[in-house]
Amino acid sequence: MFFFRFLTTVLLLFNAKLLVAQSSNTSSPVHWDKYSLSINGERLFVFAGEFHYIRLPVPELWLDVFQKLKANGFNAISVYFYWNHHSASEGVYDFETGGHNVQRLFDYAKQAGVYIIARPGPYANGELSAGGYALWAANGRLGGERTRDSQYYDLWSPWMTKIGKIIAANQITEGGPVILVQHENELQETTHRANNTLVLYMEQITQILDAAGIVVPSTHNEKGMRSMSWSMDYEDVGGAVNIYGLDSYPGGLSCTNPNAGFNLIRTYYQWFQNYSYTQPEYLAEFQGGYFTPWGGVFYDDCASMLQPEYADVFYKNNIGNRVTLQSLYMAYGGTNWGHIAAPVVYTSYDYSAPLRETREIRDKLKQTKLLGLFTRVSPDLLQTEMEGNGTSYTTGANIFTWALRNPETNAGFYVVAQDDSSSTTDVVFDLEVETSAGSVNITNIGLDGRQSKIITTDYKVGDTTLLYCSADILTYATLDVDVLALYLNKGQTGTFVLANAASHLKYTVYGNSTVTSSNSSQGTIYTYTQGQGISAIKFSNRFLVYLLDKYTAWDFFAPPLQLSDPNVKPNEHIFVIGPYLVREATIKGRTLELTGDNQNTTSIEIYHGNPFITSITWNGKHLSTKRTAYGSLTATIPGAEAITITLPKLTSWKSHDMIPEIDPEYDDSNWVVCNKTTSFNAIAPLSLPVLYSGDYGYHAGPKIYRGRFGSTNATGVTVTAQNGNAAGWSAWLNGIYIGGVTGDPSIEATSAVLKFNSSTTLKQEGSENVLTVLVDYTGHDEDNVKPARAQNPRGLLGVIFEGSTSTNFTSWKLQGNAGGEKNIDALRGPMNEGGFYGERLGWHLPGFEPSTKSGWDTRAPSDGVDGGSHRFYITEFTLDLGPNSHALDVPIGIHLNASSTSGPAVAYVWLNGYKFAHYLPHIGPQTVFPFQPGVLNIQGSEGHKRKNTLAVSLWALTDQPAALDVVELVAYGKYTSSFDFARDWSYLQPRWVDRSKYA
């Protein structure tokens, strides 16, 4: 807690040079000082959100996400560029195919009107396999990763050069959206010496990016308040970036205990003043949610992470700390499709983010929008000094106040929250503020539990100035008149005074709020009690004030008329209240064209202030409007509530054995021979030959091994596998299941002693025994996992005979994903497939035709599999949403459930070739898996059938049978939409070709 009241007290903590604002000296239009970023000479509050295009493999949907974030107050997107997504093998890069086409990312950002903060690594983290390192390099070849090691440099520098040039071509200097470029990621500068290996490594990154043509400011993100790294203002010995950033995940929230956490950090300001005092305060990653692990609580069931109150209190606290650059991690999480995840996460990467994995808008995003729209129109907020903070501003000591003051305009911003930020008690208090008319005691300010407010003084609204206002400002517009929007919780009291206005202006109130006026020495005080819905005050000087309750404010949009400009001015947007989403607002001739999405039939209100507009359309259809007494227009737009969605039943299954490799006579002549006695990896194997899959070019996905040995008196084998948390494995001797491990969410390396039964499993003398081991895979480790970090090996660490020292394997062979590093399915990329038999043959791909002549039958997943067995199932379906399918957004997923008698199992689901579900029913937590349009085909109006190929594999990990008694399509919400999701997506769905050589 900080109980000092005045800036002079604060200054005792810091060096006098804190007062000196340092400007940037880059050659780009992006500049900075100690207050904020400036672009083209205008200060900007950077309200960014993290988005990972790798987790949404349909490029067209990137625009959908960007439009939703822009409409909800964001003006920038922070993006990791993952090396492993673009490079399947050394020297090979793909920046053009499908979801690898990063130019489309930049183009969509420009179209939506959002800036890009580029984060190219080379190490990224982000709960992605190997933290984003190319998997072909993460097999031990990286050497001294994240150091100046020349072996490491030789591998990462080509990547950074190539992606650096692409980013450079899309900088704001070139007409693109990129305004900042981050060097590395959360790299802690533990030693401040010029010859330190980390310093030299950061210098190498700077040199590579400079040579690639990067001229916008560089940034870095400190890994919490643990070290002081790469700031020009603190022990700069090299490697420092232009703008220091801090990552913070302060919530301390619990999915199982709703009363836990919710504790604010109130020391950001002090931290930045100590370590980056000439730079704007930048929270490069601020908690927008959090990931949950295998065996944890699923995101939809974690109410504490989804609460909109978190966005209200924590993001306003950042404002109080004088932060002017903020990026929420994540804004949209997406899906860990294929095998892109690190072992700490499962298929969903929803992250409890403001925008759901299904691309649906959560209440948390609606609440976030209220602050985003406020910062967009508040330039005085971008040049403030800390006037003071503490509990002495209010009556009673239970309210904490941040007091910020713009020294040039005298505008003040008082951020108030309960001192105990986790309190759920409602409180009422008075607040003393300073205004241009002197000190004022604002009375009767209410805070509900877990609520925060920004009280403003001397705040300009066009030609009008608020001397003070105790309600939250949502936004304002300067149109034909000045229009202000305020919001409060229903029943709360707000007061405001108009500076330099005539006393007792006449006014008319519309709606359910009650308004009174009274005299004061500073002017007329207007006091109101917030009613439900929309209220408005029309003053005789034409000033218009909207009074909105919080839930109505959630449905408030201020779409800009200049779509591609992220820096929206008050005279460049209009107001639309009521829809689920407003994507765009454009004026063509005398028509205002609105596009967007809507859930239920809704009354909307529009204030555009343009006398030349004579008609309004919504998604191309003319609206019948009525004019209100205060100049807005009202209309009704349709929703999707009356549309019946009938999902097809998944029937007509075809099934085939998925583990023919356990047959001792199986032909593995085309498999890779494991014959290495040394490894790229520094971790010594437990036995020879080396069985690390990465040494043989197989990286992502399950792998299968076959080891041969002669007659033996051994009593068994000890198998040790390492394939990520929760990854299980099974073993068969001469076609007979002999055991395995079911996987543990807290352990990534597992070992088991498998006993031989000589009477049933071992071959007689002179014959050959075959041990087959099938291993699951949950990803490569990130940098924080010892001993070898992202280079921890995958596959089998060793297989050792028990009871015999003379028995040895005569050979080992291995199969992984078809083609290994050749990346034979370039569009879906190098991390989509694994080494299951049916995958290698392409059974999961559209166009594959199962034939009863080749061992296929009509069993369904509900029929199940015997213990220690593995089957593949395939069916087709058509999704017809009706004649208006092009104007609907109906997120679809698949629900899986193991039967009550099912043993531990692994189930995978592929849709049109994309692996979109990794289901471990004995571990959890996920049971419903969303499918994205583009991966999913939706029947259009063109007439031809757009089929979907759905494939399921079911693997019983023990000798217990396993079955899926539920495999069904489910719908999430349904919305009318201007975004066409029922397109021809065939370019994203390459069809089956013969792959028999990979058997």
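Each residue, glycine too, has its Cβ placed from N, Cα and C.
Record features, source Swiss-Prot:
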{"type": "SIGNAL", "residues": "1-21", "note": "signal peptide"}
{"type": "CARBOHYD", "residues": "Asn25", "note": "N-linked glycosylation site"}
{"type": "BINDING", "residues": "Tyr80, Asn125, Glu127, Asn185, Tyr249, Tyr351", "note": "substrate binding site"}
{"type": "ACT_SITE", "residues": "Glu186", "note": "active site, proton donor"}
{"type": "CARBOHYD", "residues": "Asn195", "note": "N-linked glycosylation site"}
{"type": "DISULFID", "residues": "Cys255-Cys302", "note": "disulfide bond"}
{"type": "CARBOHYD", "residues": "Asn274", "note": "N-linked glycosylation site"}
{"type": "ACT_SITE", "residues": "Glu285", "note": "active site, nucleophile"}
{"type": "CARBOHYD", "residues": "Asn389", "note": "N-linked glycosylation site"}
{"type": "CARBOHYD", "residues": "Asn441", "note": "N-linked glycosylation site"}
{"type": "CARBOHYD", "residues": "Asn512", "note": "N-linked glycosylation site"}
{"type": "CARBOHYD", "residues": "Asn519", "note": "N-linked glycosylation site"}
{"type": "CARBOHYD", "residues": "Asn600", "note": "N-linked glycosylation site"}
{"type": "CARBOHYD", "residues": "Asn713", "note": "N-linked glycosylation site"}
{"type": "CARBOHYD", "residues": "Asn757", "note": "N-linked glycosylation site"}
{"type": "CARBOHYD", "residues": "Asn808", "note": "N-linked glycosylation site"}
{"type": "CARBOHYD", "residues": "Asn897", "note": "N-linked glycosylation site"}
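The candidate set comprises the binding-site residues Tyr80, Tyr351. Of these, Tyr351 has the most other Cβ atoms within 10 Å. Looking at Glu186, Glu285, the active-site residues in this record, the fewest other C-beta atoms within 10 angstroms of the C-beta turn up around Glu186. Long-range C-beta contacts of Asn897 (N-linked glycosylation site), restricted to its own chain and to partners at least six residues apart, with a cutoff below 8 Å, comprise Pro921, Thr927, Leu964, Asp965, Val966. Recorded residues Asn195 (N-linked glycosylation site) and Glu186 (active site, proton donor) have their alpha carbons 20 Å apart, per Cα-Cα distance. In this structure the residues listed as binding substrate are Tyr80, Asn125, Glu127, Asn185, Tyr249, Tyr351; their two most distant Cα atoms lie 19 Å apart. Here Asn519 (N-linked glycosylation site) is compared against the recorded positions Asn125, Glu127, Glu186, Tyr249, Tyr351, and the shortest C-alpha distance is to Tyr249. In the three-state DSSP classification, Asn897 (N-linked glycosylation site) falls within a strand. Ranking the recorded positions Glu127, Glu186, Glu285, Tyr351 by the distance of their Cα atoms from the Cα of Asn713 (N-linked glycosylation site) places Glu127 first. Within the same chain, residues at least six positions away from Cys255 (disulfide bond) with a Cβ under 8 Å of its Cβ are Thr292, Gly296, Val297, Asp301, Cys302, Ala303, Ser304, Met305. Spacing of Glu285 (active site, nucleophile) relative to Tyr249 (substrate binding site) is 8 Å (Cα to Cα, whole number). With a cut-off of 8 Å between CB atoms and residues at least 6 apart in sequence, the same chain places Phe709, Phe801 near Asn808 (N-linked glycosylation site), listed in sequence order.
Around Asn600 (N-linked glycosylation site), the C-beta neighbours below 8 angstroms that are at least 6 residues distant in the chain are Gly639, Ala640, Glu641. Comparing the Cα of Asn512 (N-linked glycosylation site) with the Cα of every entry in Asn185, Glu186, Tyr249, these being the recorded positions, the smallest distance points to Tyr249.
Across the structure, Asn274 (N-linked glycosylation site) and Glu186 (active site, proton donor) place their CA atoms 19 angstrom apart. Rounded to a whole number, the C-alpha distance linking Asn185 (substrate binding site) with Asn441 (N-linked glycosylation site) is 46 angstrom. Between the alpha carbons (Cα) of Tyr80 (substrate binding site) and Glu186 (active site, proton donor) lies a span of roughly 13 Å. Here the recorded positions are Asn125, Asn512, Asn519; the one with the fewest Cβ atoms within 10 Å of its Cβ is Asn519.
Ranked by Cα separation from Asn389 (N-linked glycosylation site), the recorded positions Asn125, Glu127, Glu186, Tyr249, Tyr351 are led by Tyr249. Taking Glu186, Asn441, Asn757 as the recorded positions under consideration, the smallest Cα distance to Tyr249 (substrate binding site) is found for Glu186.
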